[in-house]
Amino acid sequence: MLRTLLRRRLFSYPTKYYFMVLVLSLITFSVLRIHQKPEFVSVRHLELAGENPSSDINCTKVLQGDVNEIQKVKLEILTVKFKKRPRWTPDDYINMTSDCSSFIKRRKYIVEPLSKEEAEFPIAYSIVVHHKIEMLDRLLRAIYMPQNFYCIHVDTKSEDSYLAAVMGIASCFSNVFVASRLESVVYASWSRVQADLNCMKDLYAMSANWKYLINLCGMDFPIKTNLEIVRKLKLLMGENNLETERMPSHKEERWKKRYEVVNGKLTNTGTVKMLPPLETPLFSGSAYFVVSREYVGYVLQNEKIQKLMEWAQDTYSPDEYLWATIQRIPEVPGSLPASHKYDLSDMQAVARFVKWQYFEGDVSKGAPYPPCDGVHVRSVCIFGAGDLNWMLRKHHLFANKFDVDVDLFAIQCLDEHLRHKALETLKH
């Protein structure tokens, strides 16, 4: 009797109704939980502010261009305490990456896409490095997203411990790897191009999903978030973007004469070279590019491009004309016409912001950018904290050069700013 009564009560209309509401509520809650951002993608866990607790530098003021705070940075860098601060060595990274879970958590890498838009637009990176493991870690962390792909080329002249440290970092991520073939990179020689080509081949074979390739060196740093980079790349609509201008006459000596590496340095042999095997004239540019996957495939497979590259191997600084020239060959995917009307300067292209000493000056009087706040090496500015405010208002994706040994706070403040900006998207 009691069992029959309970059965009638349980399966009566009101009870069945409330039971169904409960089940549907639980299902809805579960679905919402699945599509929520994981718990670790929280602002508190991934924010980088306060990573250097021993310093009282206010990065917000630095980024605003506050003269007093920037002067404070300069004084801090000169202190004995700062100069004797603990530094991470390759051996430290080898030890840290022996426990990948701990390393990723400690270094606050982002291991989930921050948006659907970013997840659906993977980017490939070629990173050429030879020293300063902490710089590589900071760069990789700043650009790392699980949907992207990262090839790291390590100079064969690098110390064994450095290579081991890079391999340790790469081992902690399924989408980060060391190039399958490594070169001994000599300044201004073909080996710099070959390093990027090696990564191009590996990345092209690794995945057909990535949309664009961006090449970097170990002293680059982003000045845009991953989402901002994705949106700028989408606006290109398949076109490549890199510096490509008419070849100035003073640079013609670089490819009209034959060069070879002698005792680790590139030397002019004085031998006159044959003209390039190309109808398109040679164009001047830089080592840095933002190119589509279709461009990469064409470069790797096209016979005409292969002949051009073979011809260029004994020239001076081929990276500063090769990519710029390929970008003006008509049949290359995403290329520009050879007419000078389509020339792009380094300030018009988005690939890289670089300050050259001989162009610095008063912007109000026609200079392209203000004086360097850091130091100069080979006429290139190694940025200081005072360079950030102006730089962040430019359209470029990356800037070169940064160095933890010149101005750590320039990198730290930029790093904090980009991470906070990226995490802000989670609130909307």
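One is the number of the first residue shown, and numbering goes on along the chain from there.
Every residue gets a Cβ built from N, Cα and C, even glycine.
Swiss-Prot has this to say about the protein:
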type	residues	note
TOPO_DOM	1-9	topological domain 'Cytoplasmic'
TRANSMEM	10-32	transmembrane segment
REGION	33-121	region 'Stem region'
TOPO_DOM	33-428	topological domain 'Lumenal'
CARBOHYD	N58	N-linked glycosylation site
DISULFID	C59-C413	disulfide bond
CARBOHYD	N95	N-linked glycosylation site
DISULFID	C100-C172	disulfide bond
REGION	122-428	region 'Catalytic'
BINDING	V128, V129, H130, D155, T156, K157, Y187, R378, K401	UDP-N-acetyl-alpha-D-glucosamine binding site
DISULFID	C151-C199	disulfide bond
BINDING	E243, K251, R254, E320, K341, Y358	glycoprotein binding site
DISULFID	C372-C381	disulfide bond
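Overlay of Swiss-Prot feature records on the structure.
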{"residue": "C100", "record": "disulfide bond", "DSSP (3 states)": "helix"}
{"residue": "H130", "record": "UDP-N-acetyl-alpha-D-glucosamine binding site", "DSSP (3 states)": "coil"}
{"residue": "T156", "record": "UDP-N-acetyl-alpha-D-glucosamine binding site", "DSSP (3 states)": "coil"}
{"residue": "C172", "record": "disulfide bond", "DSSP (3 states)": "coil"}
{"residue": "E243", "record": "glycoprotein binding site", "DSSP (3 states)": "coil"}
{"residue": "K251", "record": "glycoprotein binding site", "DSSP (3 states)": "helix"}
{"residue": "K341", "record": "glycoprotein binding site", "DSSP (3 states)": "helix"}
{"residue": "K401", "record": "UDP-N-acetyl-alpha-D-glucosamine binding site", "DSSP (3 states)": "coil"}
{"residue": "C413", "record": "disulfide bond", "DSSP (3 states)": "helix"}
Exercise. When the pLDDT values for the region 'Catalytic' (122-428) are averaged, what is the result?
Worked result: 98
For this session: In whole Å, note down how far the CA of C151 (disulfide bond) lies from the CA of N95 (N-linked glycosylation site).
Result: 22
Problem set entry | C59 (disulfide bond) versus T156 (UDP-N-acetyl-alpha-D-glucosamine binding site) - Cα distance in angstrom | 37
Problem set entry | For C199 (disulfide bond), the one of C100, H130, Y187, Y358 that lies nearest, given that the recorded positions are compared by Cα | H130
Exercise. Should C381 (disulfide bond) be counted as helix, strand, or coil on the basis of DSSP?
Worked result: strand
Exercise. Just going by other Cβ atoms within 10 Å, which of the recorded positions C100, V128, C151, C199 has the emptiest spot?
Worked result: C100
Exercise. For the glycoprotein binding residues given in the record (E243, K251, R254, E320, K341, Y358), what is the largest pairwise C-alpha separation in angstrom?
Worked result: 25
Problem set entry | Counts by DSSP class (helix H/G/I, strand E/B, coil) across the region 'Stem region' (33-121) | 47 helix, 0 strand, 42 coil
Problem set entry | Shortest C-alpha distance to C413 (disulfide bond) - which of the recorded positions C172, R254, E320 | C172
Seminar exercise, completed: Rounded Cα distance in angstrom between C172 (disulfide bond) and E320 (glycoprotein binding site) is 34
Exercise. In Å, rounded, how far does the Cα of Y358 (glycoprotein binding site) sit from the Cα of C381 (disulfide bond)?
Worked result: 10
